[in-house]
Structure formats: structure tokens, C-alpha cells
Amino acid sequence: MSRVLRLGVNIDHVATIRNARGGDHPDPLRAAKIAAEAGADGITAHLREDRRHIGDRDIARLRDEIDLPLNLEMAATAEMLAIALRHRPHAACIVPEKREERTTEGGLDVVGGAVHLAPIITALGEAGVRVSLFIEPDLRQLDAARALGAPVVELHTGAYCDAAAGPAREAQFLRIDKAARHAQALGLECHAGHGLTYDTVEPVAALPAIAELNIGHFLIGEAIFVGLHQAIARMRAHMDAALRGGVAA
């Protein structure tokens, strides 16, 4: 396997469970350490404006106490920019955010939001934070991301994962494939994530232009039944099988 495909584990919903009753258990930091042992290459955490799961203290602890790179998902706001500049995570993924949504529902409108996004991308980059933009697999959005100087894009895989197996899912997969190849041609590093499961991850993992997958909700849910280490290790096995062109055990 000459190609390297990184796995970023999103631990937001460990904090969701903790916050359901308050207190400190389960601890996202402990989850991050288990993820590292299970084969994760990085930790992703989304500090939402309403702090519904991950909190400010979590970001500080993850940045200071975990050896793996931290990918901070953040809205394009002055508050979140200040937090990112204070903690200086390895990477920051700018995502759209609406208070009424249960989870991130779609990609950024980079085409329409270029004026707002440009200074945020510049400030993060100058601070040594690697910036990615969470976008739909849309060529116009990719072109706009490149024009803004973002080094990384993350393709939203939600429509692909939500589609029924068969022609509908295949059509969504082809969009991801085309977008990933376009990103690579533009010189962008291409990541993907949102909604990926054991059943949907391998085709995306097999795409040569994809460098990283970020997966969270499914892994935390699966951990209820098999434990977090096993849930993550199995996802890593599916990704490795895709790189080999085989099938995970």
C-alpha cells in the first residue's frame, strides 16, 4: 500500500452523551486516546456556536494533551476565528452552521461567500493552521476554493451515504469521484466525510485523489455495541482493504 489514506475520528458525540446529563463522563479526551490506539491518524472536533457538544475546554485539552493532529471544525465567525488563533490546531475545517440543524446539512457556499471567507482563510494560514473548506462535490465550489487559496477541501458525502443502494447511490458516488479528481487537478488536497459507514466507506476510500476521511457519528454509535477501539479498528480495516483492492474481513 504505497498510498496513504488518513482516518480522522470525530469525537463530537462522545461530548453529546456527556452533556445529556452533565459532568465529565464520558470524556472526549479519553475517546481521543482510544482512537489513537485503534489506528486513527487525527482527531476532529466541531466547536459549535451553541456549544451543544464539544466545549471550549475540550478544545484546549485536545490540543494540549493528545499527540495526534487536531482538526477543529468551525463556523466562519469572528468568535471561532479568535479561538482557532488562540489554540492553533493543526487544521481548521470551515463548515456552514445553522442553530436549528441537528448536524451539518450541506457544504459551504464558497462561490457566494468568498468575500467573507477570504480574510478568515488568510488569518488561519498565516498562523500556521492548515485550512480546509467543507463543500459539496460541486466543481464550481472547488474552483472558488482554489481561487481563495484554501489548500484543502473536504467533500460532503452525506447525499451519497443517504442514497438507496443502487443507481441513486452510484450517481452520488460519481459526483464525489469527479469532484475529487478535479480537486487533485487544481492542486488541492482532498478529504471526504459525513455519514460514512462500513457499508459506504470503501468506494470512497478507494478513490486515489482522497487523502483523508473524517468519520464520527457512526463510530460512536457502533461503539455502544462493540466498544470504541473495535469500532474504529474495523473502519481502519475497511479503509485498508479499499487501498489493497480487497474486502475487509
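Just so it is clear, glycine is given a Cβ too, placed from its N, Cα and C backbone atoms.
With a cut-off of 8 Å between CB atoms and residues at least 6 apart in sequence, the same chain places nothing near Arg21 (3-amino-2-oxopropyl phosphate binding site). The feature 3-amino-2-oxopropyl phosphate binding site is assigned by Swiss-Prot to Asn10, Arg21, Gly195, Gly216, His217, with sequence analysis given as support.
According to Swiss-Prot, the 1-deoxy-D-xylulose 5-phosphate binding site annotation covers Asp12, His13, Arg48, His53, Thr103, on the basis of sequence analysis. Residues within less than 8 Å, Cβ to Cβ, of Asp12 (1-deoxy-D-xylulose 5-phosphate binding site) and separated from it by at least 6 positions along the same chain comprise Thr44, Ala45, His46, His53, Ile54, Gly216, His217.
Taken from Swiss-Prot, the feature active site, proton acceptor applies to His46 (among others), supported by sequence analysis. Around the Cβ of His46 (active site, proton acceptor), the number of neighbouring Cβ atoms within 10 Å comes to 23. DSSP assigns His46 (active site, proton acceptor) to a strand in the three-state reduction.
Following the DSSP three-state reduction, the secondary structure of Glu73 (active site, proton acceptor) is strand. The Cβ of Glu73 (active site, proton acceptor) lies under 8 Å from the Cβ of Asn10, Thr44, Ala45, His46, Leu47, Ala92, Cys93, Val95, Phe134, each of these being in the same chain and 6 or more residues away along the sequence. Here Swiss-Prot flags Glu73 (among others) as active site, proton acceptor, drawing on sequence analysis.
Remark: Glu154 (site 'Transition state stabilizer') has Cys93, Ser132, Leu133, Phe134, Ile135, Cys190, His191, Ala192, Gly193, Glu212, Asn214 as non-local neighbours, by Cβ distance under 8 Å and separation of at least 6 in sequence. Residues annotated as site 'Transition state stabilizer' in Swiss-Prot: Glu154.
In the three-state DSSP scheme, His194 (active site, proton donor) is classed as coil. According to Swiss-Prot, the active site, proton donor annotation covers His194.
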(message) With DSSP assignments reduced to helix, strand and coil, which class does Asn10 (3-amino-2-oxopropyl phosphate binding site) get?
(response) strand
(message) Is it possible to get the count of other C-beta atoms within 10 angstroms of the C-beta of His194 (active site, proton donor)?
(response) 25
(message) Between all pairs in Asn10, Arg21, Gly195, Gly216, His217 (listed as 3-amino-2-oxopropyl phosphate binders), what's the biggest Cα distance, rounded to the nearest Å?
(response) 26
(request) Please report how many Å separate the Cα atom of His13 (1-deoxy-D-xylulose 5-phosphate binding site) from that of Gly195 (3-amino-2-oxopropyl phosphate binding site), as a whole number. (result) 13
(message) Counting Cβ atoms within 10 Å of each candidate's own Cβ, which of the binding-site residues Gly195, Gly216 comes out highest?
(response) Gly216
